[in-house]
Amino acid sequence: MKLFAGNSNRVLAESVAQYLNIPLGKASVRRFADQEIFVEIQENVRGEDVFVLQSTSYPANDHLMELLIMIDAFRRSSARRITAVLPYFGYARQDRKPGPRTPISAKLVANLITEAGASRVLTLDLHAGQIQGFFDIPTDNLYAVPVIARDVKANYATGNCMVVSPDVGGVVRARSLAKRIDAQLAIVDKRRERPGESEVMNVIGDVSGKDCLLFDDIVDSGGTLCNAAEALLNKGANSVTAYITHGVLSGGAVARIASSKLKELVITDSIQPTTAINDAPNIRVLSISDLIGEAIARTAAEESVSSLFD
């Protein structure tokens, strides 16, 4: 087994390598003057079980091309099996046609990864579960909920917690956390007027006096979370914390979160945190390196991955 990484999240890759007690593989990923990407694998991988870790986060297109070119390089170097490890799967929000004459880009990206030569895929908290079916190769969708549940139990009196889904579509995800910490569930019903903006309409459930835990897969602009936090506090919530797997946090999201009524935003390192995120007073980062590392170890040993979440 050998683990390699592109440039998108080397800090996480190094932590995963440390968990696995193996060195991070030697590979050069660089750009020519015209910004074409060039990859050189700097050690023998013939007959090896290769894992390449790369989040296709901002800049999504560059990081996706890095991944595809790395997979091609491993295939042409006679690797026995190539597993693409995507802690964050970019383009996942384009999983259906929102209107006429529009693409399903998540399916296209799945096709590209497969055609490049990947044998299987490991990813984390896909935006929509059906994206697993976009791949024609084995695909394991991991869940951050065990990591998040441990953090909640370490920092909150769970008897007073209420897990809140920020929209109706996230109810199943929120329920999984609520079951693990034995908490009740509430829902924020919202109407999205335009991309990046949302209007909170109603809170379904009695949150009065509760420490509310918003749980979702992606935070991008932060508008939904900030509006949801305000709505919950207006309904009498004691405090509002958000637990989100993927901290995209584009544009002015960090400043928006910092000035919001959220007690804290807790994200994972599926996307490498920026300096602004690390310096933000009310944003905290949980590492999913042990979860990713254990999934890689079990995949390499042909053991069950799903039992991680039993």
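Every residue gets a Cβ built from N, Cα and C, even glycine.
Quick look at what Swiss-Prot annotates:
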type	residues	note
ACT_SITE	K190	active site
BINDING	D34, Q35, E36, R93, Q94	ATP binding site
BINDING	H127	Mg(2+) 1 binding site
BINDING	D167	Mg(2+) 2 binding site
BINDING	R192, D216, D220, S221, G222, G223, T224	D-ribose 5-phosphate binding site
Among D34, E36, R93, Q94, D167, i.e. the binding-site residues, the one with its Cα nearest that of G223 (D-ribose 5-phosphate binding site) is D167
Once DSSP output is merged into helix, strand and coil, Q35 (ATP binding site) belongs to coil
Minimal Cβ count within 10 Å, across the binding-site residues Q35, Q94, S221, points to Q35
Nearest to H127 (Mg(2+) 1 binding site) by C-alpha distance, among the binding-site residues D34, E36, R93, D216, T224, is R93
Its Cβ having more other Cβ atoms within 10 Å than any other among the binding-site residues D34, D220, the winner is D220
For T224 (D-ribose 5-phosphate binding site), the close binding-site residues (Cα within 10 Å) drawn from D34, E36, D167 turn out to be D167
DSSP output for T224 (D-ribose 5-phosphate binding site) maps to helix
Between the two most distant Cα atoms of the ATP-binding residues D34, Q35, E36, R93, Q94, the distance in Å is 30
Here the 10 Å Cβ neighbour count for the residue listed as 'active site' comes out at 19
